[in-house]
C-alpha cells in the first residue's frame, strides 16, 4: 500500500484530506492532498480514524417526539432503533433562538423507526421528500434543512448508511449533532467546532462541510445557512447544486434562504428553485405535493424568525408550485402541437414535386435565359442557384448540355438531348433505289501518280487509240472528263492529274470515282507522290489498279515495283494479293487494251449500277466564268438523267439549264449516269465538288440554294471551332466528337517516317484511334495541307519545313501543322494530347546584358556584384547566365537585386545595381551577365 496519496486514503476512510494533513502536520514534512504516504503513516492514520464497533454506536432509545410518523427509505436500517435519540444536553443552538429548538423537537427521523410502524412507502408527510420523507427530512446524499447527510454529516441529522439514533449519526452521538468519525458539536462539522463556523475549504455562517452533503447550518463542500460553497459556489444562502439553511436537497436542489443554482453571494429570501425537488422547510414534496416547487425569492430579513420563515415558505411554495405546473403544461402542449404539424406538410410537398416534373429537349449549347424559358422559371432563379454553387454567371452566358441537365434536374426537369439535324445532309439524302430499275453504268476512272511517271502520256495514248470523233480543226474539247468506248462499253476518265479536285470532292462527301489507276514508272519505282496518291485513293475507298508504265525502258524492273508497293498494302495477284498490276507503255501503246479490259472487269465485279429514270444528280468537276457564256460548270452525272431546261441547284448556285455540251463538243439534250457534260445557265460559279441536283421548279432550286448559303455559314463557324488540334483534342474526345485522330507525317528520311508511324499507332486507346493516313519524305507541300484539311488531320513534320504556299494554305484552312526535330517529342505531344495533358511550349528570351564592375563583401550575404546594365533590362525574376570569357560559370536565379539600398524588381540599361546570386559567390570583375526569361510559344 506504499505510495497511497492523502486524498485516496481520506476517501477510503470517509474523511477529509485536511483531517489527515492536520494529523500529520506535527512532523517536519509538509503534506498536501496529492502527497504520498508511507506504510507507517497510513497505519497511524487508519488507527486514528478507524470506525468504532457498531454495538457501541447504538444510542439509548427515546420516545418519538414528532407529530406524524414517516417511512424510512433506507431498507438496510429499517428495523433498527425504533425511537429517535434525545439531543445531547451540552449542545445548544448557538443562535440562541428558542423557537428553533421547539420546532426541532417536532422532527421525527425515519431511520429510527421500523418500516412496519410507518405509514405507507410513499410518505404522506407533506414536508417529506421522495422516498425519504419526514418533517425536516432525511435524504440520500445531499440534504439540507435540519437534515440527514450521507457521509460527512452534521447536527440535526441522520446518516444514510449503518445508522441510527435520534438526532444522531453513524458512529458518533450527540445532542443535536452528528459526528461521523472525528466530527464534533451541534451546528459544527468534522474536526472543527463552533456555531457560525466553517470548515475545510468553504465558509459560511452556520458552516459548511467538505464535499457533497448538507446539514442544518452546515454542509460539506456545499452551502450552509448563511454561507459559501466549496468550488464554484457562493455564500449567502445560495449555492450551486447543494444547499443547506433550513432546507433539504436531493441532488441539485435548493433550500430556504437560498438562491438558485450558481446563486450569488448574499442572496437568500426563502427561495428555492432547482430541478424538481424542494427545500425551505418543505423537504421536497415530490410525491405528496404534485411536484410543486419551492418558495419564491425574497430578500432575506436578518430580523425574521425561523418559524415565520417556515410558515411563509410553505404557503408561497404551494402557490408557486401550481403556477409553475400550469406553465409547464402549457409549454409542453405548445411544443407537442409544433412537432405534430411538421410531418403533415412533407407528403404534400412530395406530391406537388411529382406533379411538376417536366421534360425538356436541350441542344448542345444554350444560354441561361433560354434554359430558364424552357423550364418556365425566372432566369434570376437559375443565376442564384449557380451562385450558391460557387459559379458566377449571367443570363446571357452559354452553358453546355451537361451543365444545363444538372441545373434542370434540381428543378425537377428531365432532359433529352436534341438530335442535331444536318439540313444539307437531309436535302442530299436519297432513298434506296429499287433493284428492278437499276441498270449497269460506265465506270468512272481517275488517273493518279508521281510527276513524270507518264500520267499525261498514258491518257493521251488512250485518247488517241479510242477517241475517234473530234471537232473541226482537230482540236479536242477538254472539259475535265471524257468517255472512251471499249468494245461497246463506255469508260469515263476524269482528267484531273492533280489531287486538288479529288480531295475537294472527298471533303464534301462525294464519291466521284469508282476506280483509281496508279501510274508507277518501272525505272523509278515508288516515289513520294506515289505514296501520297495511294493514301488519297485508300482514304476515298476506291479500287486501285496499278499501271506500271515505261516498261519499254532498258532499266525497267516490274518486280521491284511490286516489292516496293507491298509495303503500302498493294500486293500483286501473282504474289497472292488482290491488287491488279498491268504493265503498259504510253510510248509504244503496249498494254493499253489490257488496262482498259481490267477496268471493265473491275467495274463488272463491283456491279456498278444506277437508275436512269429519276431526277438527275451529279458532281461538279470544274467550273469557270467564261466571258462570252457566263458561268460554265463541267459536271459528272452520277444518277438519273439530266435534260436541257431542268431546274438545278449546285450548292449555293441555282439556275435553269440552257445548254449541255458533251466531251466531244457536241450539244446534247440529255445526259445519263456517268456522263460528263458542260452546262450553262447557273446564276454563279459553283465550287468544285459541289453536288448538283435537279429540282421540280426553279423556285425549289432557289430555296435549296438559299438553304445551302445559310447552313454553309453556320458550318464554316463550326468547322473553325472544331478543327482538330492537339491542344483541343482531349476536349473533343471527351465530348464524343472525336473517334479517330488522322495524322500526316513528313520527314527527311523514310526510316523516321516508319518509326514514328508505328509509335503513334500504338497510342490508340478505347476512346480514339490514331490513324496515319499519309507518311512521306520531303518538305510539307500544299498537297499535304489540302489532304489534311480534307481528312481533318494533323501534320507532323520532322527536320523538314513547309513551303511558303503550304504555310499560307495551312493558315487559311486552320490545319494544325507541327514541326519537330526530335521524334520522341512528337510522340509525347500526341500521347499528352490524347490524355488531355498537353503542356505549353516555352522558349528562352534574352532580355538584357550587364557587366560586373566591382565586388563587395557583406557578412551574412556573401559577395555582392556591383554591375552596370549595358543593354536591355534585368528583372528580379529573370534567370542569369554569367560568363567569364567564353566559359559559363553560373546559370541560375537572382537572390537579390538592389539599386543603392532599395530592393527593386527591374533595372534598365545604363543604370548601376547590386546583385546577389543564389548559392554562388565566385564572381569577378569584368564577368558578363546575360538575363533571360522563359516565354510561352503559341502552338
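Positions of Cβ are set from backbone N, Cα and C atoms, glycine also.
Taken from Swiss-Prot, the feature region 'Disordered' covers 48-355. Feature annotation from Swiss-Prot assigns compositional bias 'Low complexity' to 79-93, 131-257. Among the features that Swiss-Prot reports, compositional bias 'Basic and acidic residues' is placed at 114-130, 287-355. Residues annotated as domain 'tr-type G' in Swiss-Prot: 440-609. Under the heading region 'G1', Swiss-Prot lists 449-456, citing similarity to another entry as support. Annotated GTP binding site per Swiss-Prot: 449-456, 495-499, 549-552, in sequence order. As annotated by Swiss-Prot, region 'G2' applies to 474-478. As annotated by Swiss-Prot, region 'G3' applies to 495-498, with the evidence given as similarity to another entry. The region 'G4' annotation in Swiss-Prot covers 549-552.
Positions of Swiss-Prot features highlighted on the structure.
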| residue | record | contacts (Cβ under 8 Å, 6+ apart) |
| --- | --- | --- |
| 449 | GTP binding site | 455, 518, 519, 520, 529, 530, 533, 549 |
| 452 | GTP binding site | 521, 524 |
| 551 | GTP binding site | 522, 558, 583, 584, 585, 590, 591 |
Remote residues contacting the region 'G4' (549-552) - C-beta distance under 8 A, at least 6 residues beyond either end: 449, 453-454, 457-458, 519-523, 558, 583-588, 590-591
Composition by DSSP (helix, strand, coil) of residues within the region 'G1' (449-456): 2 helix, 1 strand, 5 coil
Where residue 551 (GTP binding site) falls in three-state DSSP terms: coil
Segment-level pLDDT (mean, integer) for the region 'G2' (474-478): 42
Local Cβ density at residue 455 (GTP binding site) - other Cβ atoms counted within 10 Å: 22
